[in-house]
Amino acid sequence: MAFLEVGNHTAVTEFILLGLTDDPVLRVVLFTIILCIYLVTVMGNLSTILLIRVSSQLHHPMYFFLSHLASVDMGLSSSVTPNMLLNFLIERNTISYLGCGIQQSLADFFGSVECFLLAAMAYDRFMAICNPLLYSTKMSTKVCVQLVVGSYIGGFLNASLIMFYFFSFLFCGPNRVDHFFCDFAPLVELSCSDVSVSVIVISFSAGSVTMITVFVIAVSYSYILITILKMHSIEGRHKAFSTCTSHLTAVTLYYGTITFIYVMPKSSFSTDQNKVVSVFYMVMIPMLNPLIYSLRNNEIKGAIKRQLGKKMSC
C-alpha cells in the first residue's frame with residue numbers, strides 16, 4: 001500500500017524510484033556494467049584497507065586517512081548501488097518511506113565524511129611538505145584520530161539534520177521519484193509541506209561543509225605550491241609534486257561532480273544529465289579512488305609487490 005490516511009491527509013508510505021531508463025535492453029546493459037563497477041569498488045577498497053593494515057611501511061598518517069577514505073567510498077557506493085541494481089531487474093522499484101529516509105541519510109553521511117577526509121588529507125600533505133621537521137609532532141597518532149573522528153562527527157551531524165527534515169515532511173500526493181535513489185532535491189518537489197525553511201537550512205549546512213573543506217584544501221595547496229616553487233632541487237620538486245598528484249586528482253573529481261550536481265543552477269542541465277553525473281559521483285568515483293592512489297603512488301606499488309612476493313614464496 002503506497003498511501004495511508006493520516007487525519008485529513010493521505011500520507012505516502014512508499015516511493016517509486018524511476019531509475020535511469022525504461023529501455024529493457026539498456027537496463028540489462030547498465031545492470032551488467034554497474035554490477036562490475038560495484039564489485040571492483042568493493043574489492044579495490046577492501047584491498048587498499050588490508051594492504052595498509054598488513055604493510056608496516058604504510059603505517060603513517062597519509063595512509064591512515066586513505067584507509068578511512070576507502071571505507072567511506074565503499075559505504076557511499078553501497079548506500080545506493082545495490083538498490084539501483086535491483087531497479088534494473090524489476091519493473092516497479094519501490095522503497096519504503098523509512099527506507100528512503102535511511103538511504104538518503106547514509107548517502108549524505110558518507111558524502112560529507114569524504115569531504116572532511118579529503119580536507120584532512122590536504123592538511124596532512126601541507127604539514128609534510130611545508131613543515132617536515134614538525135610533521136611527526138603535528139601529525140601524531142592522536143591528532144590523526146581526532147581528525148578522523150571529527151570527520152565522522154561532521155558527517156553524522158549533517159546527515160542527522162537532513163534526516164530530521166525529511167521525516168518532518170508530509171508527502172500526500174505523487175510518490176514517483178525521478179531518480180535512481182532518494183536524493184533530497186526530487187523529494188522536496190514531492191512534499192506537500194512548507195519546505196522553504198528546511199531547504200534554506202539544509203542548503204546552508206551542505207554548503208558550509210563544502211565551503212569549509214574547499215577552503216582548507218585551497219589554503220593547504222597554496223602553501224604547498226609556494227613551498228615547492230622555492231625548492232632548488234628538481235628532484236625535491238618532483239617528489240613533492242608526486243605526493244600530491246593523487247590527492248589533487250581525487251579532489252578535482254569529487255568536488256567537480258559536487259559542483260555540477262548541487263551548485264550549478266538546475267535550469268542549466270536536465271534531470272537525465274543530473275542522474276548521469278550522480279552515477280559518476282556515487283558509483284564511479286568510489287571505484288576510481290583506489291586506482292588513482294595505487295597507480296600513482298610508489299609506496300603503495302612497492303607494498304603490493306612485497307605482499308605478492310611473500311605470497312609467491314609461501
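Every residue gets a Cβ built from N, Cα and C, even glycine.
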Where Swiss-Prot splits the chain into topological domains, do Asp23 and Thr271 land on the same side of the membrane?
-> yes
The topological domain 'Cytoplasmic' (221-240) resolves under DSSP into 17 helix, 0 strand, 3 coil
Counting only residues at least 6 beyond its ends, the same-chain positions whose CB falls under 8 A of a CB in the transmembrane segment (275-295) are 20, 34, 37-38, 40-41, 44-45, 47-48, 66, 69-70, 73-74, 76-77, 79-81, 84, 107, 179-181, 183, 246, 249-250, 253-254, 257-258, 260-261, 301, 304
**Asked** Would the transmembrane segment (200-220) count as touching the transmembrane segment (58-78), if touching means at least three Cβ pairs under 8 Å and pairs must be 6 or more apart in sequence?
**Response** no
Under 8 Å Cβ-Cβ from the topological domain 'Cytoplasmic' (50-57), and at least six residues away from its ends along the same chain, one finds 63-64, 66-67, 299-300, 302-304, 306-307
